[in-house]
Amino acid sequence: MGLNKSASTFQLTGFPGMEKAHHWIFIPLLAAYNSILLGNGTLLFLIRNDHNLHEPMYYFLAMLAATDLGVTLTTMPTVLGVLWLDHREIGHGACFSQAYFIRTLSVMESGVLLAMAYEHFIAIRNPLRYTSILTNTQVMKIGVGVLTRAGLSIMPIVVRLHWFPYCRSHVLSHAFCLHQDVIKLACADITFNCLYPVVLLFAMVLLDFLIIFFSYILILKTVRGIGSGGERAKALNTCVSHICCILVFYVTVVCLTFIHRFGKHVPHVVHITMSYLHFLFPPFMNPFIYSIKTKQIQSGILHLFSLPHSRA
């Protein structure tokens, strides 16, 4: 297989048939973009600067916020450029990099949610050994493991993108580069690139979900054995935010997967809308979920945004 001799750019697509409305669509997407940056940026700032939040639970929350920021910063600049400036052209290198980070960050988010489930499991099943098991070093190792697993698992399919010749239409179906869109334009044997993501979905993302599910079964069994109703409620309350984030992420993953695999006759605008929901909804909702359900985060936000005279 030789080096790619085809044209060196792809053409991104906004909302086909709705080009006249692109400037109007830009406004809510820009608002969502800014909200995501503000929400997740605030979480990272609080966890970094508030020593009361220097605990494993909040370190994992910081990983989730950083992952959500990464997803947004990877996808939204090209989306906003297409909608506002009609800047549709993107080079192969930039496109492949974007496709790589989109895939990597999705796998990473699944891994972070699994790590958070492990933290809740230890906190409820073995509270006396919590600090000795989840040391700062151990949390760092888990974080590096999640990042490494995601980064290396996606590498094989993205490396192959650089070697494929692209002799079909160079128009992509979204305003950002998705691996499944790019390979449709390749004039080569793409069997590996079609099968590998499916195997990856079942081997990692689905496995992560199953482990999370069974960990919560064990957590519920432990909580049922707690004598005090107040203590049971307190133990379960610590898990509510995490469960909400799990549902937000995995439901959008399942919906997007079904649309791409079985929605050949579904209008293309539905595919595009589901993609935006998958990439925007979890990063948008996660900061709100933790702000509403976590008192330490609430108090930190109130302190951060309170006026100077109100602190006196």
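A Cβ is built for glycine as well, from the same backbone N, Cα and C atoms used for every other residue.
Sequence annotations record features per position, and here TrEMBL assigns transmembrane segment to 24-46 (among others). Under 8 Å from some Cβ of the transmembrane segment (24-46) lie the Cβ atoms of residues 14-15, 18, 53, 61-62, 65-66, 68-69, 72, 76, 79-80, 83-84, 276, 280, 283-284, 286-288, 290-291, 297, 300-301, 304, all in the same chain and six or more residues away from its ends.
Among the features that TrEMBL reports, domain 'G-protein coupled receptors family 1 profile' is placed at 39-290.
Same-chain residues lying 6 or more positions outside the transmembrane segment (58-80) and placing a CB less than 8 Å from one of its CB atoms are 12, 14, 26, 29-30, 33, 36-37, 40-41, 43-44, 47-48, 87, 90, 98, 101-102, 105-106, 108-109, 112-113, 115-116, 119, 136, 139, 142-143, 146, 175-177, 245, 276, 279-280, 282-283, 286-287, 290, 296. The feature transmembrane segment is assigned by TrEMBL to 58-80 (among others).
Taken from TrEMBL, the feature transmembrane segment applies to 100-118 (among others). Counting same-chain residues at least six beyond the ends of the transmembrane segment (100-118), those with a Cβ under 8 angstroms from any Cβ of the stretch are 57, 60-61, 63-64, 67-68, 70-71, 74-75, 142-143, 145-147, 149-151, 153-155, 157-158, 176-179, 197, 200, 204-205, 208-209, 211-212, 215-216, 242, 245-246, 249, 253, 279, 282.
The transmembrane segment annotation in TrEMBL covers 139-159 (among others).
The transmembrane segment feature in TrEMBL is assigned to 198-219 (among others).
The transmembrane segment annotation in TrEMBL covers 240-263 (among others).
Taken from TrEMBL, the feature transmembrane segment applies to 269-289 (among others).
Sequence-distant contacts of the transmembrane segment (269-289) (same chain, six or more residues past either end, CB-CB distance under 8 Å): 15-18, 29, 32, 35-36, 39-40, 42-43, 64-65, 68-69, 71-72, 75-76, 79, 102, 109, 173-174, 178, 241, 244-245, 248-249, 252-253, 255-256, 259-260, 263.
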